[in-house]
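So that we are looking at the same thing, I have put the structure below in structure tokens.
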Amino acid sequence: MASTDFSKIETLKQLNASLADKSYIEGTAVSQADVTVFKAFQSAYPEFSRWFNHIASKADEFDSFPAASAAAAEEEEDDDVDLFGSDDEEADAEAEKLKAERIAAYNAKKAAKPAKPAAKSIVTLDVKPWDDETNLEEMVANVKAIEMEGLTWGAHQFIPIGFGIKKLQINCVVEDDKVSLDDLQQSIEEDEDHVQSTDIAAMQKL
């Protein structure tokens, strides 16, 4: 026999075919060719060879051995199913663990970043009274009494606009995402005893 590489299935097939009509590898008696093939097969499949030789030694007792238990076979089959199920569960658990770790890492990275400062603007408002008899001090007090989250009142002044009438010009700083200027103007104009109208005179991002 040319090849003794029994790791290849083709070699096993060739050996089986060559022994179809003879009892030895070469000739009509045991020779070193048989020994070489035997050792090569045993080297390639040591556990199978050990099992085969062990079972072959008990050939005379084959009929006395008990049949395989159906319950045991079924239990073994169930164990196999459970085993595969366990593998799936372990894989799912591992995937969930990895997902949780990634989310935690993302949140930690996000938390580590410094918070962006709130966008703010400085706004100058013109508040016009009804006439020259309007009490401007009361009007400015009412304006500054308005409180909103993100609103900070600043300096003010009274500017003449004609016929003895003065308007209130007042500065404030607002957080853009918290303070609506429309709402702020509406709140000021609710002081109907003093305020005729309001306008945004200037606005600049900080």
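Even glycines carry a Cβ here, placed using N, Cα and C.
The structure displayed is predicted, hence computed values, not measured ones.
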For the feature ubiquitin cross-link in Swiss-Prot, which residue out of Lys8, Lys13, Lys178 does the record point to?
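Looking at Swiss-Prot, the ubiquitin cross-link feature maps to Lys13.
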If you check Swiss-Prot, which of Ser7, Ser18, Ser31 turns up marked as phosphoserine?
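So the answer, going by Swiss-Prot, is Ser31.
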From the list Ser64, Ser86, Ser121, pick out the residue that Swiss-Prot labels phosphoserine.
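Of Ser64, Ser86, Ser121, Swiss-Prot lists Ser86 as: phosphoserine.
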Return the count of C-beta atoms lying within 10 angstroms of the C-beta of Ser31 (phosphoserine), excluding that atom itself.
12
